[in-house]
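*Asks:* First, the structure itself, so that you have it in front of you.
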Ligand code: COA
């Protein structure tokens, strides 16, 4: 394979579980209100999995739609970005691949929490550039509400469940849809700002059930999210030889509408360049960006040739960006 092969976005799909949980339903059982949630986050409702539905189920639905969108039935590898794998061990990607009929292909999870999809794209692009695979299905899927303490008004309103996926194929750097460059970062010293303390190898079982749920220092996370997403967008745009003003559409991680607005201000971007679907889905973690891509494409907010930046931020801390000129894809 020629060394100039890059990853090209060839298919796109998303899937949301059917159960809608509106702000009023949350306000009936926690000390909060529709007004507070809307004004502080921009979220009106989110989707939540029913018992028995898992991350693998969400990922399979989105993955199938991305394959159909690309007109493909095969892929050489499945990269699943998630921090809510069905089991602590093994990874969920092999189960997703099998359920999609992709028997025997390379399949593994990438865990960079809410930045996972951009990390997954970089991984998929790397497999293609190295000649390991010609078609990589990159899925971002999270049943993130499984990590949320049902009694915590600080996190319950924010998170939702869902999945989105793209099929990457080997192609030419000049094509519409060619991905890259990438800008990826982490800061492990700040892990405690947003984490689930127990359940892993360090503290398998805690007597305090709250240790098994997500704990978040919201305001500090907010500040880091704005600054890091803006910084990374500048870096990736510079590496591509674009100017910030060239960006037609910024598809950022949907964590909070005010984070996207602040990020736009920091970048000097018009607010309408920032796409947002957070009102309907909340923060779906690794699924956030591909669901936003699919919604934006369906609404006509992404047009072939548009210069698009994807910007992510998440627990870890992790953050990163990539970009592409939008291809002619019809999302499934
Ligand atoms: N309903 C009503 N009041 C609430 C509330 C809720 N759901 N959650 C918190 N409050 C209260 C707080 O207790 C506080 O009360 P006090 O002033 O009496 O102490 C007040 O509202 C303000 O809290 P604060 O935390 O300062 O609000 P905020 O404007 O920072 O908004 C978040 C809180 C969580 C929405 C915001 O910090 C945020 O979005 N942070 C980033 C989170 C994120 O993106 N995480 C994922 C990253 S991938």
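Cβ coordinates come from backbone N, Cα and C, glycine included.
Automatic, uncurated: that is what TrEMBL annotation is.
Note that the structure is a prediction, hence the values are computed from the model and not measured.
Dumping what TrEMBL says about this protein:
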type	residues	note
DOMAIN	108-188	domain 'Beta-ketoacyl-[acyl-carrier-protein] synthase III N-terminal'
ACT_SITE	114	active site
DOMAIN	239-326	domain 'Beta-ketoacyl-[acyl-carrier-protein] synthase III C-terminal'
ACT_SITE	253	active site
REGION	254-258	region 'ACP-binding'
ACT_SITE	283	active site
*Asks:* I need the least crowded one of these active-site residues (114, 253, 283), counting other C-beta atoms within 10 angstroms of each C-beta.
*Replies:* 283
*Asks:* Report, as numbers and ranges, every residue of the chain located at least six residues beyond the region 'ACP-binding' (254-258) whose Cβ falls under 8 Å of a Cβ in that stretch; write 'none' if there are none.
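*Replies:* Here the qualifying positions are 40-43, 114, 158, 222, 225, 276-279, 281-284, 288-289, 291-292, 313.
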*Asks:* Quick check for the class: what is the C-alpha distance, in angstrom and rounded, between residue 253 (active site) and residue 114 (active site)?
*Replies:* 7
*Asks:* For the domain 'Beta-ketoacyl-[acyl-carrier-protein] synthase III C-terminal' (239-326), what does DSSP give as the number of helix, strand and coil residues?
*Replies:* 38 helix, 23 strand, 27 coil
*Asks:* Can you grab the distance from residue 114 (active site) over to residue 283 (active site)? Cα atoms, rounded to a whole Å.
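*Replies:* Given the Cα positions, residue 114 (active site) is 9 Å from residue 283 (active site).
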*Asks:* Across the domain 'Beta-ketoacyl-[acyl-carrier-protein] synthase III N-terminal' (108-188), what does the pLDDT come to on average, as a whole number?
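*Replies:* Within the domain 'Beta-ketoacyl-[acyl-carrier-protein] synthase III N-terminal' (108-188), the model's average pLDDT equals 98.
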*Asks:* Under a three-state reading of DSSP, tell me whether residue 114 (active site) is helix, strand or coil.
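*Replies:* Once the DSSP labels are grouped into three classes, residue 114 (active site) ends up as helix.
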